[in-house]
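Engineer: I have a structure I would like to understand better, so I am pasting it below and will then ask my questions one at a time.
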Amino acid sequence: MFKNYFLIAYRNVVRHKGFSFLNIAGLALGLTACLLIGLFVYDEQQYDQFVPQGEQIYRVGTQRLQGETTESTPMSPPMFATSLQQELPEVEKAVRIMSLQSKNLFRVGSKSLYEEHGFFADADLFKVLHLPFRYGSAAQALAKPSSIVLSEAMAERFFGPINPVGQQIKLDTSTFQVTGVLRNRDLKFHLNINFLLQLSPAVIGIPEKRMQSWGWRQFNTYAKLRPGADGRNVAAKFQHYLEEKVKPQLAKDNIEYTAFFQPLREVYLHSADFKINWATHGNITYVRALSVIAGFILLIACFNFVNLATAKSMQRAKEVGIRKTIGASQPQLMLQFLAETVLLTLISVVLSTVLTALLLPSLNRFTGKSLSFDLIANPGLLALLLGLTLVVGLVAGFYPALVLSSFKPVKVLKSTVVTDGPLGRVQWLRHGLIVVQFALSVFLIICAIVVFQQVSYLHNKNLGFNKDQIMFFPMRGDSMTKNYEAFKNELSQAPGVASATIGYGFPGDMVAGDQIIVPINGEPKKFSVTQLLVDYDYLKTLGLQLVAGRNFSKELKTDKDQAFILNETAVRDLGFATPEKALGQTLQWNIWNNKNPDSTKTGKVIGVVKDFHYKSLYDKLEPAVLQIFPDAYWKVAVKLKGENLGAGVESVKQVWSKFSPNYPIEYKFMDDNFDEMYQAEDKLKTLLWTFTGIAIFVGCLGLFGLATYAAERRKKEIGIRKVLGASVSDIVALLSKEFLALVLVAAVIAFPAAWLAMSTWLQDFAYRIDLPLWAFGAAGLAAAAVAFLTVGYQAVRAATANPVNHLRAN
Amino acid sequence: MIKIENLEKIYRTEEVQTKALNNVSLAVSEGEFVAIMGPSGCGKSTLLNILGLLDEPDGGRFAFAGTEVAKASERRRAELRKQHIGFVFQSFNLIEELTVFENVELPLIYLGVGAAERQEKVAQVLEKMQIMHRRNHFPQQLSGGQQQRVAVARAVVNSPRLILADEPTGNLDSSNGNEVMELLTELNETGTTIVMVTHSEHDARYAHRVIRLLDGAVVLENLHQPFTA
């Protein structure tokens, strides 16, 4: 029996090539999109799943209320781990890590390379996060201050494919001994660990006392709870402890935060809007959006199936009549039609498997992942595909099978036109499905436009400074840092260089947050601000605009130790009303000085610069204080002249090698750096456009099929109308009107949904476009135009055919 | 074999009621060959559809092989249909996607006959209809006469007790038409009951008895000797 079903199914596929093509192509494309998205989403969800007992592990971060929004960061003070361990019996172990942040020069023999992604970690790290080791063992890996654990990649770079445990490696001037190599090449772990050093004051180079701090939030804390302990209870207990013991102490420094426990399994996907996060992270919003789009596309493809199959039912009606007359029962016929759908689906699945395998390398390049699609190595995937075939086949095939198998043989065998009861309903259903398809398409088009606009805005918004043609790099080596003035002078005079500035706190780079003290009525009041530690040429190099007062001046000796420049936000936040009124106000700052932590710098505001975005547009402008502070002269920004960038870079390199021949220069361009901040959005934009395109295309395949059948069905009517004097445009209008009306209904449904989705998305950005109303109109028009073109082709063909042929045929 | 009494069939549209069959009573015995004649729209096909259990009457009684079926369920009627009734249509109604062999095989499949037995039976009946050499062709590759022979083969492959033929020669030229009528006669002679709707007086003469319908009612029944060519 089934052999017969599949035989018939196969012959039908071959016989109705156009119909089969529309169905198979649509479904194969839709499935491919789904598979690709599915592989990506699955991979994103695998992060940190390998960690044993991961459900007992939490990352303990801090958050505070900023206006109406909660600002969260994984950063925590060193005392978190200490107190969690000591005060809460539910905590089995709490450990800290701290990022080295900058790139560091390592040497083995004559080989020297910069390495980044280094962390300091408590010796017990592996008791909480069991990372797999390739060489060495976790137990003693971070036992000594001289221990270093390497990633597989870094170990290979320095030691080749051998076991390097016991070997020595130099970091700047200190020597470390390799105690282990992590097996982490394709490890889905939220920390991209390249090397690990012991976290101890001696190794970090800080006074012991700083590890007692509650305010210095420079760590990530991981707590492993005892089996059975409830994360929420422990979090509440810890919060209570903080309120009682720590809050009063923090209040003195005007610091306020609460702790929050983030389950390890959520760390990767649920941290996208966290401030200061070294961990690699995905974005649950994008994962969800992509999943929804995948669902949309599959739905559209399934609807095509239902639509085309029911539209074509008239051709199959006679066959149904014959089969029933001969003795087929309705269940048998349903089975037959379902078998056909499942066969078509199977062909589509096979095709989409091939397509997926072909497209996967591109997706991998695009996402930087190494997704694999190996059916042989992964029988689960094969089972999933077969399951998908059955589910899609049955879902898409059920209704057409029901309709077709319910035809009454008496009616379909005699008459040429079937006007059975169900067909009226089928018409409704078909229209309903088209509306849903177009609503989904219009929704996606609007989203794509809005995302495109916002992303362009991010890239092109005037940031308040000129980020073009600025290269920046950290200084390296004693002869450079000690002679920074000479280095800067030579840079400034080098050919192709417009100006150079040295400091800490360049746009797009790390900036320091610290307090500034305003004496109000003799009472010192502390404010959290961004400290931009600069030199005399900062404003000039970055092209900042002064709105009041003046720039730092070398001529005035007091500017070095007694002058501050504010940004406009700082003027407001510190309570100075206007930039003019801010001038001359007194500010105090606790100087960064390890030897004398209590020394204070007191000075006056000499100028106010126009606000500029030194962070990404995700972040609201913060109050910033600019001051001269040579102790933090760690980085250099060089503005190159426009004519010949290459020559400018070359001359900077020459000056560099004069001062620091032992270190290679590692530079970046500031505008590239800003562009990198929006990579996630850029990718979202590309993905959205791609998948919107696919969704629309798949939908059009179905619409094209329907239009073909509509034209076919109405051949005689068109013939009569033409004989009676209808023009081609009348006929085209007649045939297109129906579909355009459906698009209109679809748009009405899609608009509010898209409006809601996009306003929610935009809210994540501190700086965003207004929801562009024209996007709605454009999406509606685009959908209508696509529908018109798709239907119009068939309409014109039907309208220009010789009416006599159709009339005779009937 | 068939006994109907006061059979009624009414077609309704929103505004008009049409009585397609009005108090029709007739009986067909086992082994009979009956022709139903009458002008277009007189209810011939409606009657045939009801006799074939494809359609339900709106009133009256209908006994098929001794059981009352006027109100039988769709499932029951389908069951009786596939066990006992074979159909031959004016437009052949072969399934275009299936070969000659597969078309003929189809009723046996729905009856749940095993593959080996199907092979044998289909081969037998194709031999008998002299189209065995065309077994792997598709319907559109055959002439009208050949197609109707396939249709007859399909109608008789499961040895039904009753064959219903709806203008079986309507789409055929006279020599092909005669061939089909000969086939039906042969079947009748081996005991199969045949009810045939026809416009053709010539074809009607092959029947034992002619029932004439007009406006949904039997107007005349005349017996005559079987036509022998």
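Cβ atoms here come from the backbone N, Cα and C positions, even for glycine.
As annotated by TrEMBL, domain 'MacB-like periplasmic core' applies to A:20-239, A:441-612. Residues or ranges marked as transmembrane segment in TrEMBL: A:21-42, A:286-306, A:333-360, A:380-404, A:433-452, A:687-711, A:739-761, A:773-793. Residues or ranges marked as domain 'ABC3 transporter permease C-terminal' by TrEMBL: A:292-407, A:690-803.
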Engineer: Between A:21-42, A:380-404, A:739-761, who has the most Cβ pairs under 8 Å to the transmembrane segment (A:773-793)?
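Structural biologist: It is A:739-761, which has the most Cβ pairs under 8 Å.
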Engineer: What is the average pLDDT across the domain 'MacB-like periplasmic core' (A:20-239)?
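Structural biologist: A mean pLDDT of 92 is what the predicted model shows over the domain 'MacB-like periplasmic core' (A:20-239).
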Engineer: Quickly jot the same-chain residues contacting the transmembrane segment (A:380-404) by Cβ under 8 Å, restricted to those at least six beyond its ends, or write none.
Structural biologist: 27, 31, 298, 302, 305-306, 309-310, 313, 316-317, 320, 333-334, 336-338, 340-346, 349, 353, 373-374, 422-423, 426, 429
Engineer: Does the transmembrane segment (A:687-711) make contact with the transmembrane segment (A:333-360) through 3 or more Cβ pairs under 8 Å, each pair 6 or more apart in sequence?
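Structural biologist: As far as Cβ distances go (cut-off 8 Å, pairs 6 or more apart), the transmembrane segment (A:687-711) and the transmembrane segment (A:333-360) do not touch.
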Engineer: Cβ pairs under 8 Å with the transmembrane segment (A:739-761): which stretch of A:286-306, A:333-360, A:433-452 has the most?
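Structural biologist: When the Cβ pairs under 8 Å are tallied, A:433-452 comes out ahead.
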Engineer: Could you pull out which residues elsewhere in the chain have a CB under 8 Å from any CB of the transmembrane segment (A:21-42), counting only those six or more residues past its ends?
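Structural biologist: Sequence-remote neighbours of the transmembrane segment (A:21-42) are 287, 290-291, 293-295, 297-298, 300-302, 304-305, 308-309, 344-345, 347-349, 351-353, 355-356, 359-360, 363, 367, 369, 371, 373, 388, 392, 396, 691, 694-695, 697-698, 701-702, 704-705.
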Engineer: With DSSP helix as H/G/I and strand as E/B, how many residues of the domain 'ABC3 transporter permease C-terminal' (A:690-803) fall in helix, strand and coil?
Structural biologist: 97 helix, 0 strand, 17 coil
